[in-house]
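Here TrEMBL flags HIS239 as active site, proton acceptor. Per TrEMBL, the feature NADP(+) binding site maps to ARG49, ASP92, LEU93, LYS147. Per TrEMBL, substrate binding site is recorded for HIS177, LYS181, GLU215, ASP234, LYS339, LYS344. The domain 'Glucose-6-phosphate dehydrogenase NAD-binding' annotation in TrEMBL covers 12-186. Residues or ranges marked as domain 'Glucose-6-phosphate dehydrogenase C-terminal' in TrEMBL: 189-487.
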Amino acid sequence: MIESLKIIDSFVLYGVLGDLSVRKLIPAWYYLERDSMLSDSLQILGVGRKEISDSELKNTLKKSLETYVPSEYLDQKIVSTLIDRFSYCSCDLQNPNSYQKLKLKVQDWNMPMAHYLAISPRLFESVCDGLSGAGLVTKECRIVVEKPIGYDLESSQEINEKLIKHFDESQIYRIDHYLGKETVQNLITLRFANSLFSSQWNSKGVEYVEITSAESVGIEDRWGYFDGMGQLRDMVQSHLLQLLCLIAMEPPNRLDDQSIRSEKVKVLEALKSLDEESIASSFVSGQYTDGEVDGVYKPGYVNEEGARPDSKTETFVSIKTEIQNWRWSGVPFYLRTGKRMETKTTQIVIHFKSDGHYIFNENKESLNGNTLIISLHPTESISLQVFTKPHGVDKHSIIRSDPMSLDFIKTQQLLNIPSGYQSLLMDILNGNQSLFLCREEVELAWKWCDETLDAFKNSNQELFYYKAGSNGPRESEALITNNGYQWYEE
Ligand code: BG6
């Protein structure tokens, strides 16, 4: 096994002019610069197709920061310190000669380097071969790839094969930016540092679990890409299944990458596959039609720019699944995600079991159990709903539910919610892989998605429609209420 612990200060960003860089990565570098997290020696080479000069790149980066960093956080001194770290190399990544040009640009830089591929997976092979041909693959360099790693199990295996042809697993950083989010990382602390929860975190203590990632945005200019993917591949395959893994995994032996990844792999291995019969009661897929979000008219999915009017690609899914192991046997896990929904909400809700004998009303009817809400958006917070008695001499047997809340933005006086990329960029520089996916995780998640999509296709269940600005198709409500439960709403 190759040790990759050397701190890196030479970084190559492929696709520096692309959407991901402009919207997410450049702002993340900005916040790291603002927080004095970057070493003075860090240099970043941006690689793109366009023939532009270093100073044109710097202007583009400046504009991107002005667009994607709120003006109250933008400090021109920090902007200029950051963009001075950047230089540019225009490359046709499919042409092996380009890599000699790239090599000349970095020949005096410190080794090893990190190569971040914010580009289409179609180009991964050319880049790996090109870097290797130019002698830029060294034992300690790191290669970073973004989701989606493939389109299905077969294509993800092909990509992984291409990567391991040149790089050891310890050099490969597969990103799911959800794992960089502070509250997601906090899940590990919440679960394993609080004995209160650890004794209840199993089928004896938990009634059901919900994981929701709703977005109010539609597909807009990503239609071509998205239509070939759909919401299950785009959101569930990585983001939602990763959240599920962190909720459900056993305590890792240590907090290192190997221990955490191997526990996540075990969860994915135990995840129940849906078959044709279970689709009707466990899977709903939908597509948005036109409607209003926040009072503004939005076209339906098939009427977005560049859309194919007969597309049946899903923009919404809700799924009931189970983890078939000793800890979770019989506990339903509900996953729900959609585009153009009423509001952007990302949350995990753990519904604890209620006590059997309830003394607060005459019928001794049971009350719902406590609820733990872990919110990633719009706030980053953890809140436990507890029952209390309202103040008042005549209110002995009345109870109310109140939140015990930890709002990280307020308690830690954060200026803004980090996107997740800050933490991941630092881990790449420092050689910490614990928040990156290993090959097995990616492939098991694809296998489960392939099986689910096949079962759906063979079941002849229809695609349901929902209005833009709503909470998804009605059938998604039935998926959970049929079991006597409800989606948690604030
Ligand atoms: C990306 C998906 O991985 O995550 C997008 O491809 C989605 O479709 C985005 O919009 C959501 O990320 P976040 O951090 O805004 O919840």
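FYI, residue positions are counted from 1 along the chain as it appears here.
A Cβ is built for glycine as well, from the same backbone N, Cα and C atoms used for every other residue.
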In whole Å, note down how far the CA of the residue listed as 'active site, proton acceptor' lies from the CA of GLU215 (substrate binding site).
13
Just checking the recorded positions ARG49, ASP92, LYS147, HIS239: which sit within 10 A of HIS177 (substrate binding site), CA to CA?
LYS147, HIS239
All-chain count of other Cβ atoms within 10 Å of LYS339 (substrate binding site):
24
Who sits close to ARG49 (NADP(+) binding site): which same-chain residues at least 6 apart have their Cβ under 8 Å from its Cβ?
LEU17, SER90, CYS91, ASP92, LEU93
Near ligand 1, which of the binding-site residues ASP92, LEU93, ASP234, LYS339, LYS344 have CB less than 6 Å from any of its atoms?
ASP234
Just to verify a number: CA distance, LYS181 (substrate binding site) to the residue listed as 'active site, proton acceptor', in angstrom, no decimals.
11
Please find which two of ARG49, ASP92, LEU93, LYS147 have the most distant C-alpha atoms, given that the record lists them as binding NADP(+), and give only that distance in angstrom, rounded to a whole number.
22
Find, for the listed binding-site residues ASP92, GLU215, ASP234, the residue with the lowest Cβ contact count at a 10 Å cut-off, counting only other Cβ atoms.
ASP92
